[in-house]
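Undergrad: These came from TrEMBL, pasted as-is:
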| type | residues | note |
| --- | --- | --- |
| ACT_SITE | Asp46 | active site, proton acceptor |
| ACT_SITE | His74 | active site, proton donor |
| ACT_SITE | Lys165 | active site |
| BINDING | 45-51, 73-75, Arg328, 354-356, 436-438 | GTP binding site |
| BINDING | Asp46, Glu47, Gly48, Lys49, Asn71, Ala72, Gly73, His74, Thr154, Arg168, Asn247, Thr262, Arg326 | IMP binding site |
| BINDING | Asp46, Gly73 | Mg(2+) binding site |
| BINDING | Val322, Thr323, Thr324, Gly325, Arg326, Lys327, Arg328 | substrate binding site |
| REGION | 12-32 | region 'Disordered' |
Amino acid sequence: LSSLRSLALCRRRSTGSQEPNGGPTPTPAPAVGNKVTVVLGAQWGDEGKGKVVDLLAQDADMVCRCQGGNNAGHTVVVDTVEYDFHLLPSGIINPKVTAFIGNGVVIHLEGLEGWEKRLIISDRAHIVFDFHQAVDGVQEQQRQEQAGKNLGTTKKGIGPVYSAKAERSGLRVCDLLADFTQFSERYKALAQQYKAMYPTLEIDKDGELDKLKNYVAHIKPMVRDGVHYMYEALHGPPKKILVEGANAALLDIDFGTYPFVTSSNCTVGGVCTGLGMPPQNIGEVYGVVKAYTTRVGIGAFPSEQSNEIGELLQTRGKEVGVTTGRKRRCGWLDLVLIKYAHMINGFTALALTKLDILDVFSEIKVGVAYKLDNKAIPHFPANQEVLQRVEVQYETLPGWNSDTSAARSFDELPENAQKYVRFIEEHLGVPVKWIGVGKSRESMIQLF
């Protein structure tokens, strides 16, 4: 009944008719405002999101980070110069862009130097302290000693600070800029909690508080009420706003290969909660997919190739983590995994990166289905032990055995490379908008 009333109200608004009591037509709802374009990783991270964001940031006005911290690692090459970003959005390379770090990001304040004039920080963002990073290392060591394996974290303190946030004992940027005496007391209480849990932990409370006090004047001009700032950006003059996701769908705290995940929501829902904005302002959602699959650290990896194929992908792709320096594990493209990421994120188009790494293969396998106990399963398993047991069903496609790195249009790609792209599109039901065939900005082919 209520939905019928809503429909009738919409019709009256659209026809300009009066209400039954003869009163004026209700004021139409305000326009949605500017839409944000979102770039998200569709695998286990390291897909090349930084390059896609850098490309889109060329005509953007604002680039945002909504979750994660300096555990992210995005590499961008511009005019042969290589930039590595960990906390800042990589789109900040464009001198016309304003970068916004949202409330969902956890901030280690030492990572902000050099960009002060074009950087805005939400006052609700939580602060990563040095002792969070130390705790991260101790926890990993304990996991190794007690269970024989760790989670493979970046040891940047991300898990501990999100834990403190959930336990309501964390400290935010707004706290640092308010009463420093109260901030210091809360900081010392938090440090003492960790010291009680981990007696071997060495914490220089006075030293870090001195550093933090010195940061106050430095960061104060950059800090805004993030919700108000985002609302003004969305409902002010026309503006191109870009959101750069960190990590990726399979590292999401809820939807990833738990427990070998990060500590935040790196799927599309994290955009709304991490920036303080409504879902109707989300426009295009681009998924970034590597032409094969990689992951850093331990955890299930159904299409992994622990053989010469994996080694060749690792060597050709220079698959080493930007943040950790660890070698990435490599395997064939897994479309079950990508389809799962699409179910969650609703990708409107894909960026397919590092296609050129496959140039030397005479045949290429693509994972298209999973079997468990010899039966096809229609979903991506939540449990790690179950995921370890799945058998990937592959389709084998012919390779192209030729160099694609000079291609600058889809037509310039070898026929079998074109077929590989079309196979991915048809299987997922999502168009590929960009194809990466090299490291530089110029080597991204745009299809539409």
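From the backbone N, Cα and C atoms, a Cβ is placed for every residue, glycine too.
TrEMBL labels come from automatic prediction, so no person has curated them.
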Undergrad: Using C-alpha atoms only, work out the spacing between Gly45 (GTP binding site) and Asn247 (IMP binding site) and round it to an integer in Å.
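TA: If we compare the Cα positions of Gly45 (GTP binding site) and Asn247 (IMP binding site), the gap is 5 Å.
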Undergrad: If you count Cβ atoms within 10 Å of the Cβ of Gly325 (substrate binding site), leaving out that atom itself, what do you get?
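TA: Around Gly325 (substrate binding site), other Cβ atoms within 10 Å: 9.
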Undergrad: Pick out which of the binding-site residues Gly45, Gly48 has the most other Cβ atoms within 10 Å of its own Cβ.
TA: Gly45
Undergrad: Calculate the distance in Å between the alpha carbons (Cα) of Leu355 (GTP binding site) and Asp46 (active site, proton acceptor), and round it to a whole number.
TA: 14
Undergrad: Looking only at Cβ atoms, how many others are within 10 Å of the one on Val437 (GTP binding site)?
TA: 26
Undergrad: Select one residue from Lys51, Lys165: among these recorded positions, choose the one with the most other Cβ atoms within 10 Å of its Cβ.
TA: Lys51
Undergrad: Which residue among the binding-site residues Val322, Leu355 has the fewest other Cβ atoms within 10 Å of its Cβ, if you could check?
TA: Val322
